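Engineer: One structure follows; several queries about it will come next.
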Amino acid sequence: MKTFTITVKKTEGFKKFEVPVGLTILDALEYINKTYGENIQFRSSCKAGQCGSCAVMINKKSKLACKTKVEDNMIIEPLEGFDVISDLVVDREPYYKKIGTLRNYIQKKNEKISEKELDGLKLYPDDLKDVKKIRGCIDCLSCIAMCPARKYSNYPGPTLMRQLARFAFDPKDEIDREKEAFDENIYNCTTCGRCVEVCPKEIDIVHNAVEKLREKTFKKGYNLDSHLEVRKNVLSQNRSVPKEKTSFLEEVSDEYIVENEKMRVAFFTGCLVDFRLQEIGKSAIRVLNAHGVSVIIPKNQVCCGSPFIRTGQTDISESLKKQNLEIFNKLNVDSVVTLCAGCGSTLKNDYKEKKFKVMDITEVLVKVGLIDYKPLDITVTYHDPCHLRRGQKVYLEPRKILESIPKLKFIEMEIPDQCCGAGGGVRSGKPEVAEAIGKRKANMIYATDADYLITVCPFCEYHIRDSLTKYLKEHGLKKDIPVMNIISLLDKVI
């Protein structure tokens, strides 16, 4: 009989077991108890992925034990973020109590409704279209176990915010759910997408619950002053950050054409490359040209709108989107290329009317073919930006690039796609939350003892650099780990 080895975390510690190939994790736990005489405690009920009771951590990700097939060397642990009662059983009572405080039922301002008023409450399918998208939750709590904002701040978690959204979107409910959402720290969510990634019912909590609820919350006047400052920036200069020096778009030419062209792209710069990280933008041009890619740079492009979509300010984001669509839809290029994870995710997922293809710069480089790079004898680790890894499903390309540089040693950190804490308006709106989440990321980076931290997102660059600096001082460490954009790295070896 062919077997796999799995490790189960019991109350007294980890223990390894041999189990037959082909079982689910739930089957394997039952097999272990029966075959080895163990008494591992775990929850289960329907065994069909409908009750949500069997969720556990499998290789550091929350999944349903009844729907996950055993693989060799899997590690099974109780859900993170909850007190453990015994073995794989966690205490769910705090969650249920919190749900109770959120008035988890439709409420009317006036319980006594006249027949005339009742007649006016007729609903049609379109009235509940937003509710339908988020009501399939089975309370497995997988999203809560993975949520960085819930772990490191006073944020109730994705599914509780989903519940508030469910009632806020229901015309029958008349309570001020937006005020409840604001009081429950809806702006603590980094929109990292971990909850979406692990949801067994594939509920898009980020886009269909949190961001839509933030839009309603903002319209009711429940907002953060710092988010309004970002709003002022874009209204005055079409960028989300203040201008500090000559912009990238002012410094460069309209186009950089190469002979024997493999591909022609339009460069969407984003706010940080244009106003803060001009040298990375110039590196991008050189790197693309070196790979046989011609670069067109539209000078009248504006902010992609991501900071405003994420924080509920959709009146601003729609205006910005319209301007960019008018510019980029007219271009005769193979693709629009982005150097920012947030910009790329926004263009790919939120620009529904686009007539152009969008690619991250690492996707472009791998597609046209990597070239022979000069050797570079350094050790690096890599951070997956949330809006690249989960927002665009791009994670192999950066690794292919790093592994193609001679003498460069690439090592993975513990959880490379763990959120750094900067996204979703959290760095500007809730800096203390961003700092708390960033501290864990810094710990993972320092544990690798790498010479450099490499990433692809300018926003992540800024925040991780700040997190590492604070971590260095807090722990009295002498070794600094600089943060470098993968394009800056390539500019050194082309």
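Using the three backbone atoms N, Cα and C, a Cβ is placed for every residue, glycine included.
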Engineer: For the [4Fe-4S] cluster 1 site that Swiss-Prot describes with Cys137, Cys140, Cys143, which of these is also annotated: Cys66, Cys192, Cys199?
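Structural biologist: Candidate listed by Swiss-Prot for the same site: Cys199.
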Engineer: Quiz question: given the binding-site residues Cys54, Cys140, Cys195, which has the greatest number of C-beta atoms lying within 10 angstroms of its own C-beta?
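Structural biologist: Buried the deepest by this measure is Cys195.
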Engineer: Using the Cβ centroid of Cys147, Cys189, Cys192, Cys195 as the reference point for the [4Fe-4S] cluster 2 site, which residues of the same chain not in that list have Cβ within 8 Å?
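Structural biologist: Near the [4Fe-4S] cluster 2 site, the remaining chain residues are Cys143, Met146, Pro148, Ala149, Arg150, Gly157, Pro158, Thr190, Thr191, Gly193, Arg194, Ile205, Val206, Val210, Cys419.
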Engineer: Restricting to the same chain and to residues at least six past its boundaries, which positions have a Cβ under 8 Å from a Cβ of the domain '4Fe-4S ferredoxin-type 1' (127-157)?
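Structural biologist: Result: 49-55, 57, 61-64, 79-82, 92, 95, 98, 102, 163, 165-166, 169-171, 184-185, 188-190, 192, 194-195, 197-201, 203-205, 208-209, 212, 418-419, 421, 426, 430, 432-433, 436-437, 439-440.
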Engineer: Using DSSP, would you call Cys189 ([4Fe-4S] cluster 2 binding site) helix, strand or coil?
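Structural biologist: It is coil.
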Engineer: Using the centroid of the Cβ atoms of Cys46, Cys51, Cys54, Cys66 as reference, list every other same-chain residue with Cβ within 8 Å of it (recorded [2Fe-2S] cluster site), in sequence order.
Structural biologist: Leu26, Ser44, Ser45, Lys47, Ala48, Gly49, Gln50, Gly52, Ser53, Leu64, Ala65
Engineer: Any idea which of the binding-site residues Cys46, Cys66, Cys137, Cys147, Cys199 has the thinnest Cβ neighbourhood at 10 Å?
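Structural biologist: The binding-site residues Cys46, Cys66, Cys137, Cys147, Cys199 were compared, and Cys46 has the fewest Cβ atoms within 10 Å.
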Engineer: What three-state class does DSSP give Cys195 ([4Fe-4S] cluster 2 binding site)?
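Structural biologist: Once the DSSP labels are grouped into three classes, Cys195 ([4Fe-4S] cluster 2 binding site) ends up as helix.
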